[in-house]
Amino acid sequence: MAELPGPQAGFGRPAPLPQTGWERLRELWRRDEQQQFPEETVNIAKSAFTAGVVGWLYGGLPAFVSARKAFIESSHGEIFQNRADAVQSAHRAGLRSFIRYGWRWSWRVAAFATVFNVVSTGLSAYRDKTTISNFAAAGAFTGALFRVHLGLQGLAGGVVFGTAFGVPAGGLLMAMYGLAGETLQEKRSRERRELYEQRLAEWQSRLSMTEILGQTESNAQGRPEMEGATELKSY
């Protein structure tokens with residue numbers, strides 16, 4: 001469940017819900033009372049790892065097959081100790097290409113996914129709603145960022161490619177949210193509101209109890225004074 005920002009004093013009034021987009025953005029990078037980051041932030045890290053693995057496989061597996069095949073074709077004249085030595089040599093050549101080209105694809109895909117998710121999640125938090133336009137804008141920004149070094153033409157191509165990627169990706173996520181019944185932003189807002197109402201009720205209950213105890217203590221202190229005054233009158 002989402003936690004409200006800021007330390008809570010024992011009898012202090014709960015901190016109000018974030019009202020501005022910047023406050024909601026800051027919440028994305030703030031730990032809760034259990035020292036855990038929000039679900040959206042955790043999902044960004046998970047997606048970066050997943051994208052890195054997918055990119056490594058995408059770039060590494062074809063390179064492994066191609067390098068192994070090229071080694072076999074170019075080593076017909078070489079002499080090996082036995083068949084196992086030849087197979088191991090071919091596998092080592094493929095493994096080197098798997099690591100080399102897998103890493104090249106892995107960090108690029110992971111970086112692209114991370115930037116895309118950070119921007120789309122930030123826009124959803126700032127606007128306090130999740131829409132296709134958030135993903136389209138995130139895709140356009142990410143594509144432009146990765147192609148800006150190619151000049152104006154590359155920048156324009158990056159915007160087109162990023163938008164073309166962001167719209168279907170956003171549509172898929174929105175469909176998944178529709179099946180779940182609410183988006184992550186809606187879920188977080190609901191949990192934040194429920195937690196605030198719970199803490200507010202607890203604070204009001206403690207406050208009422210404190211007032212009752214204070215009144216009881218005042219009455220208890222006033223009773224001996226009244227009894228003493230009555231005794232003086234009797235004398």
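Glycine is no exception: its Cβ is also placed from the backbone N, Cα and C atoms.
Note that TrEMBL annotation is computational and uncurated.
Matching 16-35, 216-235 against TrEMBL, the residues noted as region 'Disordered' span 216-235. Within the chain, the transmembrane segment (105-126) has long-range Cβ neighbours (under 8 A, six or more residues past its boundaries) at 21-22, 24-25, 27-28, 40-41, 43-44, 47-56, 58-60, 134-135, 137-139, 141-142, 145-146, 162, 165-166, 169-170, 183-185.
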